[in-house]
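Pulled from TrEMBL, these are the features on record:
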- B:41-61: transmembrane segment (TRANSMEM)
- B:67-87: transmembrane segment (TRANSMEM)
- B:108-132: transmembrane segment (TRANSMEM)
- B:144-166: transmembrane segment (TRANSMEM)
- B:178-198: transmembrane segment (TRANSMEM)
- B:232-256: transmembrane segment (TRANSMEM)
- B:303-328: transmembrane segment (TRANSMEM)
- B:374-394: transmembrane segment (TRANSMEM)
- B:400-428: transmembrane segment (TRANSMEM)
- B:453-474: transmembrane segment (TRANSMEM)
- B:480-498: transmembrane segment (TRANSMEM)
- B:578-599: transmembrane segment (TRANSMEM)
Amino acid sequence: MPTHREPALRVAGLRKAFGDHVAADDIQLTVPAGSCYGLVGPNGAGKTTTLAMAVGLLRPDAGRAEIFGVDVWSDPVRAKGLIGVLPDGNAMPERLTGREVLTYLGLLRGLPHEVVAERTGDLLQVLELDAAERTLVIEYSTGMRKKIGLAVALLHAPRLLVLDEPFEAVDPVSAATIRAILRGFIGGGGSVIISSHVMPLVEQICDHVGVISDGRVVAAGPLADVRGAATLEDTFVDLVGARPRATEGLAWLSS
Amino acid sequence: MAQLLTPDRAVTAPRPAALARHMVGMRLALMRNSLRGDNVTNLYTGAALGLILALGTIAVAVLWPVYLPLCLAVWLSGWIFGPLLIGGGSEALRPEYFSLLPVTPGRIAAALLAGAFAGPAPLITLIALLSLPVYGWRFGPGGVLIGLVAAVTTLVTLVMISRVIVATIGLFVRSRATAAAVGVVTGTAIALCSNGWAPLIALGGTDSAAWSHVLVRVLPSGWGVAAVEAPWPLAVAILVAAAGLIALLLTAWASLLSRRVVSAARGGVPPRRGAPRPFPAAGGARAAAAKELRTWWRDLVRIQLLVTAFSYAVVSPLLLVTIGAWMVVPFTGLIAIVMAAASSANLYGADGTALWLTLMTPGAERADVRGRQLAWLLVVGPAAVVLSLTGLLVSGQSWAWPWVLGLLPALLGGGAGVVVLLAVTSLVPGTDPHKRGGNPLSTGADESAETGLAWLVLITVPATALPAAGAVLLHPWAGLAVGVLTGALSAWGLGWIARRRLEKRGIELLNLMKHGPAPQPGKPATADLPLRHRIGVTICHTIAWLPLFPQGLVPLVMKIFGFEDPVWFLALHLPPLWQWPTIIFMIATGLLMYGYAFLIPMRLSSSSPATTTE
């Protein structure tokens, strides 16, 4: 039986290459139970690849991933029971309404029908998707897709939430709602790992942070240790290396 | 330098010629970039076949000029039905790409038209149309000149008609009724391709020659022939009329395109009324089946493909009735099952990356596979049973009862098994449903790969019914028991394999759909075969069914049952002494071609030195 002393997520030596391009190289991360962990990195750094390998959606070339001590690749069924996942950009059962998606997935997970109905109603209401009762998921806006994805991740009351860019394309009001949900979830003993580009947001809700650049972890640990005296944004730019500034280019844009 | 620092106030729209040139360049670049692996083979094979047909058309103009307008009508039908058959037409240059250019829709349409000509198909068609000046030679130098002009106008007309049809489908297929209508047209077209000779024979006779003579000249494809044959003033009038038709089509196309760009329908969702029916309170396979049934009812692509399958099944036996052959009518329902299986062969590919939810739900693979099977049976089964009984009763072919009753459960079970198995083992990745463009009938999948998958189903589903057929030969009513048994076994067993495969390799399937086929040194595609073999394999895949089924197995069955009407079966036209050897030769040829097409890639890939990588 996994206990709370086990970290919520531990990955070690994860590696994935697509052809010649190494998307993730020897990734080491530990997400303590009960923490909110922010995974940050520039575009194409390997955040999505890392999270996909950690939850069992992408087979790594090497390395291991454990969720509360359960190996994702040798005991996937138990591991998947413990996590709720919001992957980036994956399709859904597109021709169901939001309520139908949640009902279907709840029943598929073996939850009793009354529980499914109750939780579905709650989630749709809290995430403000209940107004679009007749809209199929394929007709949802980008922000609505994020929200129904989050509802799917929360439906079975997992112990670890793995959210890839949960705030992308979400309006400020909904973002506040999501932040409140996450705080409540962590307050109730849950653990969260999110990936994001938005540093102030990560600083606001996360207590641990990992920085990935070019497929490698360049810094990881409690937020205060990683950023030191500076802001996370400055630390991040220092860590991943400042790019050539664009101010001298695009001169024709200024009038 | 000074003007670089101020916003360009005098931005002028690109000139039409420049726009067209860029469009052609873009189309060629897209084609170059997509020419990898199997696509190269398909292009070469298609171009080679097309070239043969084009040269054949020129030969017709020289040797049998009477049939030239008919040949050109066939080219016209190719341009009309080609895009329908490959799912709404492949659109390399989508109008959506250019919706923000500061140019009028008419100019965009003209430029896109130029882009549409940058490809092998218009070039090959132009070669075929050179038959017009060749035919014109009989009427002197003037005839050649008119023929040349007519060749160009006819080419533009054909391409335009094709584009307008694609645009019309893209714009108007927004409801179940229109999707079903396209399905009926497509199914009828396929039926005409395979059995259209029957009504032609039925109409054949001296009196039909006159009207068909006129008809093939009235079609836009025949105007060139008419112009060549006509006196000067009339010829010029016809050519002017052709130019007018082109202008009309261009206007229509431009307005269709501009309406398409501003109308925001995504992924082909039919309109709905009222609240959706409540989801049934059941778990496992029944929940998955409920999801699938809703998808069947709400996806225009699935509706169109299913209607195509059923209308083919209904129309093609009826075409044979025109020559008094009722023997296929009882099998309408069985044909429907096989065609419906072929059209739903890419079940997992059509849903795209939604597979991640099944993979992330513990133990959901079984429910998903069984649910899809159940839904497929519910969608296809009742209609197939009704069609079978109707066909049996209407045709009055009492000998067919044991055959139909034995094969029906066998094929239904086999179809339910093969569909999920091949959907898992031979998935063809497409665009995720929510990312599809303004063309609701295009799934973004590689059409030739999807067609290959459909052919694989057309071969394997009937194969699952072979035991039942054998049992019927032994004793008429043994077939029913064997059919029920093998049907249940196929559905259960193949579904079981599919489920195991999904559990073991589901992640690879997901990433195949997300990122496309990964470069796997251990598993070379046909692309790694020497070009000679690649072309051979593709040709065999394309035409091996011809000797095996219509020219081999069908005359075999007809001979066994004593039908002596030779129709178009070569063997039955020969003296009795040669009939059996011909049938056996045809079957053997078909089997050899399939054997070559399947075994050569396997043999060459297993002898490849890179196999140890995995």
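Placed from the backbone N, Cα and C atoms, the Cβ positions cover glycine too.
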When you check the transmembrane segment (B:303-328) against the transmembrane segment (B:108-132), do you get at least 3 Cβ pairs under 8 Å, counting only pairs 6 or more apart in sequence? no
Could you check whether the transmembrane segment (B:400-428) packs against the transmembrane segment (B:480-498) - three or more CB pairs closer than 8 Å, residues at least 6 apart in sequence? yes
Result, the transmembrane segment (B:480-498) in contact with the transmembrane segment (B:108-132) (3+ CB pairs under 8 Å): no
Cβ under 8 Å, sequence separation of at least 6 from the ends of the transmembrane segment (B:578-599): give me the contacting residues as numbers and ranges. 459, 536-537, 540-541, 543-549, 551-553, 555-556, 559, 570-572
Suppose I define contact as three or more CB-CB distances under 8 A, residues 6 or more apart in sequence; do the transmembrane segment (B:144-166) and the transmembrane segment (B:41-61) meet it? no
Give the nonlocal contacts of the transmembrane segment (B:480-498) in its own chain as ranges (CB under 8 Å, at least six residues past its ends). 369-370, 373, 377, 402, 405-414, 416-418, 420-421, 423-425, 464-465, 467-468, 470-471
